[in-house]
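What TrEMBL says about this protein:
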type     : residues      : note
TRANSMEM : 21-43         : transmembrane segment
TRANSMEM : 63-87         : transmembrane segment
TRANSMEM : 99-121        : transmembrane segment
DISULFID : CYS161-CYS179 : disulfide bond
TRANSMEM : 242-263       : transmembrane segment
Amino acid sequence: MNRPPGRRLHEFNHVSLCVKYMIFLLNFIFWLFGGLLIGIGLYAFVDKWQATGLVKVETVYDVILNISLVMIFAGGVIFVVSFAGCVGALRENTCLLKFYSLCLLVFFLLEMAIAIMGFVFPHTMQSILEERLSDQIIHMYREDADLQNFIDFAQQEFRCCGLSSEGYMDWSKNEYFNCSSPSVEKCGVPFSCCMNATDISSGLVNIMCGYGVQERSVAEASKLVWASGCIEVVRSWAERNLYFIAGVALGVALSQLLVIYLAKTLEGQIELQKSRWHS
């Protein structure tokens, strides 16, 4: 582009290199992270496809509870949005910057809506999760190895069993752990529910430690497995660490607002420079 005669170059230098490359570097990191999520998700999906020959995707719950598909979707969103931020900042493209800042604003509003619902109506959120997801997760425990590993990890880390307020009795809804099942696991719960699943001397996991627990009284079962549901345990943990969670949420929100501000600032600087070049 030819510079208008009689004007010096510094009169048109209105784009901050600091803001420009800060946005570029930040989004380049997230762009790589998004690509990594897509790669891991695709690997897990293909591995599951080759192992089972079938990946069930019939309802929205099949997608939400399929960890590999969730990783692919989340990675794709991060990849596209951060790519728009990278290229928009580097090439000083206002259309891409507008798309980028709009996406961040939408993410911010969704996060705020979820956070407000969680803080103001915790019991309502718990009821919604129990009613909409608990049965589906319990049913799919043996059908998806990734989901099974995730549930086992959560139950061991949070010291809980099942999801809803029914606690360990949730597992009666699973076809393998139901008392009418012909399986050897009938009336049992997963080993991850057990208080002492790992033998200290040998270091081996006793996968049979939860067998027959559903046939015992609550008092007896509570001595062998964690009796409370995971949703209630997580909610109680969140209430005990409310200030910490609020601090983290506030930090994330302020960071997002700062990035949106930087993107809009860069966009305004580019528009101003273009207008001066054409004036």
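Glycine is treated like the rest: Cβ placed from N, Cα and C.
Unlike curated records, TrEMBL annotations are generated automatically.
Tallying C-beta pairs under 8 angstroms between the transmembrane segment (63-87) and each of 21-43, 99-121, 242-263 places 21-43 first. Just so you know, the Cβ of CYS179 (disulfide bond) picks up 11 other Cβ atoms within 10 Å once every protein chain is counted. Cβ neighbours of CYS161 (disulfide bond) (same chain, under 8 Å, six or more residues apart in sequence): GLN155, GLY167, TYR168, ASP170, TRP171, VAL189, PRO190, SER192, CYS193, VAL225, TRP226, ALA227, SER228, GLY229, CYS230.
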